[in-house]
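Below is one structure; the comments refer to it alone.
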Amino acid sequence: MKIETVILDWAGTAVDFGCFAPVNVFLTIFEDAGVTVTLEEARKPMGMLKIDHIRTMLEMPRINEEWKRVHRQHFTEEDVHLLYNQFESKLMESLATYTDPIQHVTATVQQLREAGIRFGSTTGYTDFMMEVVTKQAATKGYQPDFLVTPTQVSDKGRPYPYMIFRNMEALGAKSTKQVVKVGDTTSDIKEALNAGVWAVGVIIGSSEMGLSEEEFLALTAEEQQQAIEKTKRIFEMTGAHYTIETMKDLPILINTINEELANETNDRN
């Protein structure tokens, strides 16, 4: 038994270093509604279906209280949908510019494909948004074998496992033990754990780290290591089986997992 399928998240994992396309829009729509939110608050639910992300932000105690202070009432589902409509409109204006593959992604995918591994993908974006992302990413060299969005699973995105299961079905994966899910948020890790597949957090370029490429490269070596260790701990506390610093580390990790699977088989025999 060995790994046959890898499922990658998109923004912050495969493209868009730091996952800035949605974050900047979340900050803007709340600012426009009279409620200032922090970068940390905007990032915390990252990886979820975007309307769920907005609802989760509104439920955060500080934002909830600030919303009530500004609007003189608790937020409503109408507020959620109004914010989401603004989010979608503003995101579509800039989404195409946030589709560059992160370093090592295309080379790693090619290397593992040559070893017979198939690549699926999941996302917190809708079908409509992903039409832009997939088209642009393909022109830049990144195109997984399959994509599932929350739209295709009745809006039951992360942390539900259904997008992973749909990928497994389409790609012919025989066992959850032969599937690795790589993502850059705690929602990705929870999705993988709920699906029973290997949960791997990628650190550099992740939404969880929250730095642009320029910001990360401007850090000293010591500061970079501190940021890496902090992000790694968050993934591990969420339950990740493994973490990798960049996608360049994925082939070696898959060899490690394959050895673990082989040892399990030998132990049973």
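Cβ atoms are placed via backbone N, Cα and C, with glycine included.
Keep in mind it's a predicted model, so treat the numbers as computed, not measured.
Database features (Swiss-Prot):
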{"type": "ACT_SITE", "residues": "Asp9", "note": "active site, nucleophile"}
{"type": "ACT_SITE", "residues": "Lys50", "note": "active site, schiff-base intermediate with substrate"}
{"type": "BINDING", "residues": "Asp9, Ala11, Asp184", "note": "Mg(2+) binding site"}
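For Lys50 (active site, schiff-base intermediate with substrate), the count of additional Cβ atoms within 10 Å of its Cβ stands at 24 [all protein chains shown].
The Cβ of Asp9 has fewer other Cβ atoms within 10 Å than any other of the recorded positions Asp9, Asp184.
Around the Cβ of Ala11 (Mg(2+) binding site), the number of neighbouring Cβ atoms within 10 Å comes to 30. Annotated pair Asp184 (Mg(2+) binding site) and the residue listed as 'active site, schiff-base intermediate with substrate', C-alpha to C-alpha distance, rounded: 16 Å. Within 8 Å of the Cβ centroid of the Mg(2+) site, not counting the listed residues Asp9, Ala11, Asp184, the chain contributes Leu8, Trp10, Gly12, Thr13, Ala14, Asp16, Cys19, Met46, Gly47, Thr123, Gly183, Thr185, Asp188, Val202, Ser206, Ser207. In this structure, the CA atom of the residue listed as 'active site, schiff-base intermediate with substrate' is 13 Å away from the CA atom of Ala11 (Mg(2+) binding site).
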